[in-house]
Amino acid sequence: MIKPNEEANSRAQVFETLMENPGAIVSSSLLTQRLSSSRQAVFKAVCSLKDEGVPIESIPQKGYRLESIDELQKLSPTMIEFFLRDNPLFNRCIYMRETDSTQKVIKKLAMQEAEAGIVALTERQSEGRGRRGRSWQSPDEKNLMFSMLLRPTLKPGEVQLLNLAAGLAVKETLGELCGIPSELKWPNDILCRGKKLCGILSEAAGEPDRIYYAVTGIGINVNMGPPDIPEEIAGVATSVLIEGGRRFARWKLLVDFLARFAALMELLSSRGGAVKLLSLYRRGCDTIGREIRVVQDEEIFNGRATGITPEGALVVHTSDGEKIFAAADVHHLRMAEGVNGG
Ligand code: BTN
């Protein structure tokens, strides 16, 4: 009887061997040697990989061949873990076709003492959550929805820094991998031409002076086209497909983002790293210097965003003087709206 862990290892080894021989037929005997196991175990691993959506061709009497994964739309956890092999933080990917919320999945693992570096990924959430108790909706198999387990050495008042780091990493991925310019709207939205392409939600548990764990969850609209956008958000949402004019392999976006986010988390944990992170964020943040409306606990403030504090809070000059918002909903105003009080 093969144990689940051994099965995962076999899948990983088969995938790795096929990746080492791109486009070539890899014989079953080579795979059995590599796995030090039976043909049957190899066959089982190949079947599981195929179930995950990895495009493997079985060639009778000869072996197996990995077809191109360049445009692959499926999210295979084995494949994603393979591409995380050089990632200093993330090494485990849990894929669920459906779940309540990936935030909940990660919180459960965190409470069972799981280590940082796990990514929970799904196609459908029955209780997908956005900020301030809102829901997060996304059509099946088009976008990215995932949460990450983090154990940063931050104070609870600094959790906002995780949103800023994640936002920066998404912006870098969109720009450098997809060629799509985007705007960072404090604290955790990524917009393209004023429309939302990505939302981020960070939650943490801890004591007043330390965090036990944090969960950063991200929803990126990747391959949803105009017909997939729910009516209520049609005017305010966009996607990589809409902005870039073509579908994107979601696994590539995820792997690229996780590399960039891990690097920013390393920066954040280094001496003086928060200051460096904030200076990167300020440079990329579209909110700073703008006339904005801030909605916090049913109160509305209009003013000009002037900066970000060391904890990641927003500094706003209002007619009542300077105000600092640790967390709030921000609306960017056009100049005329700002001047008129919008
Ligand atoms: C927001 O813009 O309000 C934040 C949205 C965060 C959505 C993501 S999708 C994956 C993860 N699981 C959730 O339930 N929410 C986050």
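Each residue's number is its place along the chain shown, starting with 1.
Cβ atoms are placed via backbone N, Cα and C, with glycine included.
Per TrEMBL, the listed range annotated as DNA-binding region is 28-47 (candidates: 28-47, 88-107, 208-227, 228-247). The Cβ of Q125 (biotin binding site) lies under 8 Å from the Cβ of E98, T99, D100, S101, T102, W136, S138, M145, each of which sits 6+ residues away along the same chain.
Other C-beta atoms found within 10 angstroms of the C-beta of R129 (biotin binding site) number 19, with every protein chain shown included. Comment: biotin site residues Q125, R129, G130, R131, K196; largest CA to CA distance 19 Å, whole number. Taken residue by residue, the DNA-binding region (28-47) breaks down under DSSP into 17 helix, 0 strand, 3 coil.
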